[in-house]
Amino acid sequence: MVQLGKLLRVLTLMKFPCCVLEVLLCVLAAAARGQEMYAPHSIRIEGDVTLGGLFPVHAKGPSGVPCGDIKRENGIHRLEAMLYALDQINSDPNLLPNVTLGARILDTCSRDTYALEQSLTFVQALIQKDTSDVRCTNGEPPVFVKPEKVVGVIGASGSSVSIMVANILRLFQIPQISYASTAPELSDDRRYDFFSRVVPPDSFQAQAMVDIVKALGWNYVSTLASEGSYGEKGVESFTQISKEAGGLCIAQSVRIPQERKDRTIDFDRIIKQLLDTPNSRAVVIFANDEDIKQILAAAKRADQVGHFLWVGSDSWGSKINPLHQHEDIAEGAITIQPKRATVEGFDAYFTSRTLENNRRNVWFAEYWEENFNCKLTISGSKKEDTDRKCTGQERIGKDSNYEQEGKVQFVIDAVYAMAHALHHMNKDLCADYRGVCPEMEQAGGKKLLKYIRHVNFNGSAGTPVMFNKNGDAPGRYDIFQYQTTNTTNPGYRLIGQWTDELQLNIEDMQWGKGVREIPSSVCTLPCKPGQRKKTQKGTPCCWTCEPCDGYQYQFDEMTCQHCPYDQRPNENRTGCQNIPIIKLEWHSPWAVIPVFLAMLGIIATIFVMATFIRYNDTPIVRASGRELSYVLLTGIFLCYIITFLMIAKPDVAVCSFRRVFLGLGMCISYAALLTKTNRIYRIFEQGKKSVTAPRLISPTSQLAITSSLISVQLLGVFIWFGVDPPNIIIDYDEHKTMNPEQARGVLKCDITDLQIICSLGYSILLMVTCTVYAIKTRGVPENFNEAKPIGFTMYTTCIVWLAFIPIFFGTAQSAEKLYIQTTTLTISMNLSASVALGMLYMPKVYIIIFHPELNVQKRKRSFKAVVTAATMSSRLSHKPSDRPNGEAKTELCENVDPNSPAAKKKYVSYNNLVI
């Protein structure tokens, strides 16, 4: 019979003429009759309209034998569900009234080739021709029972079986509705146009499984598939959807071969292969019951309890049988199953079945023996010997365990879908006819298929039963997790559902040993905050983590970006934050010293100025040149004041005052000193040439010259104001160190180092010029005592500013630039002012206060005395002296008496002329 089926399948697919098929019917009839003599192989129920049924009543047989042991749940439960549905429909006056549904139910033995041979029974009536002229080899006409016409088929179960059967049913336009086949390829309406199913395809299931895996944070999984259409196509769909979704990688795809010599060794090898990628703990399984059981057993033998995270397809569902004796290795397994509900009416129906009231089921006696582990004395077919005999009084659910099989609901829905289609077809074609009218009998499968695709009713679970254009049912799944710890009822727990989108109650989930924390199945642990992923070529789920360095932050998982100019990375480098703004604070050590010196200087300056004002008409004050002394003291005071402006918090007003007073104090001081030294120099130079007094040596002239020199500084400042108005800035370059944590923005006036030097440059020029005059007047006699202190002042000041320049510019790249430069500048100005104050005025103040007896006018100087001193000084400069240290020079000066009659003879007296 097997070889006949294969031959007929080939001939049918090759579209041989019907006459050839007619000849083969003789052989088919004889073979069918012979098989009926061997054992009953189908269920026949008479009716006005006959539906075919394909169920895996038996498992695959060993090599050479088509069928094996009976399958109690997947086989008998589902078969009885069809019988139950037929009873309900035939007793329903509102569904197919006056029409009785019959059935021809066959066993597929869980094998696609055997199912194909069995399904030829459904097409016999369609290829039946006039056989009056047909003779068998012995000359006799063929003898066979006229087959009933099957208008539609319920089944099959396995996807590979449905694919094989669908190929032949479509040739004869027989609609087919499956209750369990989920292979995605069956959605191809061009190849399987007469195929429909009340369960969603694996493409929906695969999408749901991808959503589950991603919801749990897993991105590195392995797949395991039973060889065949269901397993391989399911994994193919899962892989394709995961690629489209992104963020999910397949570590390895393992296929379980169908033909195995040693099951134990093969499954142990599979577990070892899965362990080659230890980070891929999640295993997505599309496998049959037996393969699931064997893989769990192999994992237990490998002592991998708790390692693998199983994600099972609907072939696993909520079944208990595959987990028997392997509950510990299966704990935490997540399984998916088309949304279903227990059909209570079926439970009552099935538990009431006995050998007496269920004779229509030709396999029920065999089920009875298997279910109650007994042996029937007459019609039993149980192979193994047993001492216990079946009494026939056993009861299902009472004397044996019973739990409704998961696909019972879908079998019932499939039968009802066919019934509703026939009902609408009957109403349209047989409106005025009771029963099946000729039009309906001749309508054909294509018309029935149209009605099937348009059915819409509430199924046994209360959910709508409908089909899309490809014949697929909507995707509705329940999601379970197998839990044995921390529960009073170990078993499958409903943790979510999927209907186009995932709803998962993660808080209800637990894993091995009752752990609530979701285990990981990732190639590489997520990068820490502030690190970016650098993916490995070919494995986007595997990466190395590279820290964002410098002023970079983690922009996204793959990218580090630089923070804006005025920001730095936050602590974990996940974003940017503003760089702290700093300025020189009053309490800073860098500010305390300059402020202290400035305050001392200001006090001293005020004291000197007050003393000079108090003793304004005394000889020492008058001899110092009162007008320029007050100007010089004002400049010294401003040199001290600039310290406070340099440390004050920058704003527009402070910055404006900085520009004005930065060089003004020094300019006033050195302008006054320059005027003094220039006056001394001109007087003595003029004295060498003539007895006529030089011009512009009066106090008014001296003030005018000093004011002119100062006005140049002020003019430059006003031009600076016009070209570049004062403003405040935040300088981020100054303190932008290699370590962003130490980065600071410096709040300061918009004054560059070059502008500072330019502002001080004019004052430095005055200082240098004054120093030159101090050098030139170094030979002035001691009686003209203003020149020497000025000279010492200028020498010291030059040393101070020569030290200032390298310090100021040498710290341009230092992190402490703000502090060092400000402190250096203010201290330099304080020292310059202090040197001038100390050398020029402190000795005079000391005499005024502590030795007032010396503050008297000794003699009046006339310009004649100055000329005489200048002449003698000139002579001495050209005549070598035998006395060291200028003693001769002093002696000569002392011998000159400007009050002698000779001196007064030719010259006018300059009693009020002060040097």
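Cβ coordinates come from backbone N, Cα and C, glycine included.
Here Swiss-Prot flags Ser159, Ala180, Ser181, Thr182, Tyr230, Asp314, Lys407 as L-glutamate binding site. Annotation for Lys407 (L-glutamate binding site): same-chain Cβ neighbours under 8 Å, separated by at least 6 residues, are Asn74, Arg78, Ala81, Ser157, Tyr179, Ala180, Val199, Arg340. Lys407 (L-glutamate binding site) falls within neither a helix nor a strand when secondary structure is assigned with DSSP, and so counts as coil.
The feature disulfide bond is assigned by Swiss-Prot to Cys67-Cys109 (among others), with experimental evidence given as support. Secondary structure at Cys109 (disulfide bond), taken from DSSP and collapsed to helix, strand or coil, is coil. Note: Cys109 (disulfide bond) has non-local neighbours Pro56, Val57, His58, Ala59, Lys60, Gly61, Pro66, Cys67, Gly68, Ala115, i.e. same-chain residues 6+ apart with C-beta under 8 A of its own C-beta.
For Cys249-Cys541 (among others), the entry in Swiss-Prot reads disulfide bond. Cβ neighbour count for Cys249 (disulfide bond) (all protein chains, 10 Å cutoff from its Cβ): 19.
Cβ-based neighbour count (10 Å, all protein chains) for Cys390 (disulfide bond) stands at 21. Annotation comment: Swiss-Prot describes Cys374-Cys390 (among others) as disulfide bond.
The annotation disulfide bond is assigned in Swiss-Prot to Cys430-Cys437 (among others). DSSP assigns Cys430 (disulfide bond) to coil in the three-state reduction, outside any helix or strand. Neighbours of Cys430 (disulfide bond), defined as other CB atoms within 10 A of its CB across all chains, total 18.
As annotated by Swiss-Prot, disulfide bond applies to Cys523-Cys542 (among others). In sequence order, Tyr220, Cys249, Cys523, Thr524, Thr535, Gln536 make up the list of same-chain residues 6 or more apart from Cys542 (disulfide bond) whose Cβ falls under 8 Å from its Cβ.
Within the same chain, the residues at least 6 positions away from Cys545 (disulfide bond) whose Cβ sits under 8 Å from its Cβ are Thr524, Cys527, Lys528, Gln531, Arg532, Lys533, Lys534, listed in sequence order. Taken from Swiss-Prot, the feature disulfide bond covers Cys527-Cys545 (among others), and the record attributes it to similarity to another entry.
Taken from Swiss-Prot, the feature disulfide bond covers Cys548-Cys560 (among others). Secondary structure at Cys560 (disulfide bond), taken from DSSP and collapsed to helix, strand or coil, is strand.
Summarising the annotation, Swiss-Prot assigns disulfide bond to Cys563-Cys576 (among others).
Taken from Swiss-Prot, the feature region 'Disordered' applies to 874-895.
For 1-34, the entry in Swiss-Prot reads signal peptide, with the evidence type sequence analysis.
What Swiss-Prot lists as transmembrane segment is 591-615 (among others), and the listing cites sequence analysis.
Taken from Swiss-Prot, the feature transmembrane segment covers 628-648 (among others).
As annotated by Swiss-Prot, transmembrane segment applies to 655-675 (among others).
Annotation comment: Swiss-Prot describes 703-723 (among others) as transmembrane segment.
Residues 659, 662-663, 666-667, 670-671, 673-674, 677-678, 680-681, 709, 712-713, 716-717, 720, 787, 790-791, 793-795, 797-798, 801, 825 of the same chain sit 6 or more residues outside the transmembrane segment (754-775) yet have a Cβ under 8 Å from a Cβ within it. Annotation source Swiss-Prot lists transmembrane segment at 754-775 (among others), citing sequence analysis.
Most Cβ pairs under 8 A with the transmembrane segment (703-723) among the ranges 591-615, 628-648, 789-810 are made by 628-648.
Comparing 591-615, 628-648, 655-675, 789-810 for CB pairs under 8 angstroms to the transmembrane segment (826-850), the maximum falls on 591-615. The sparsest Cβ neighbourhood within 10 Å, among the listed disulfide-bonded residues (Cys374, Cys437), is found at Cys437. Neighbouring residues of the recorded L-glutamate site, listed in sequence order and excluding Ser159, Ala180, Ser181, Thr182, Tyr230, Asp314, Lys407, comprise Ser157, Gly158, Ser178, Ala183, Val199, Asp202, Ser315 (Cβ within 8 Å of the Cβ centroid).
Between the farthest pair of Cα atoms in the L-glutamate binding residues (Ser159, Ala180, Ser181, Thr182, Tyr230, Asp314, Lys407), the distance is 16 Å. In sequence order, Ser159, Arg197, Val199, Pro200, Pro201, Asp202, Gln205, Tyr230, Gly234, Asp314 constitute the residues six or more apart from Thr182 (L-glutamate binding site) in its chain with CB-CB distances below 8 Å. The shortest Cα-Cα distance from Cys437 (disulfide bond) to any of the recorded positions (Ser181, Cys374, Cys576) is found for Ser181. Most other Cβ atoms within 10 A: among the disulfide-bonded residues Cys527, Cys541, Cys560, Cys576, that distinction falls to Cys541.
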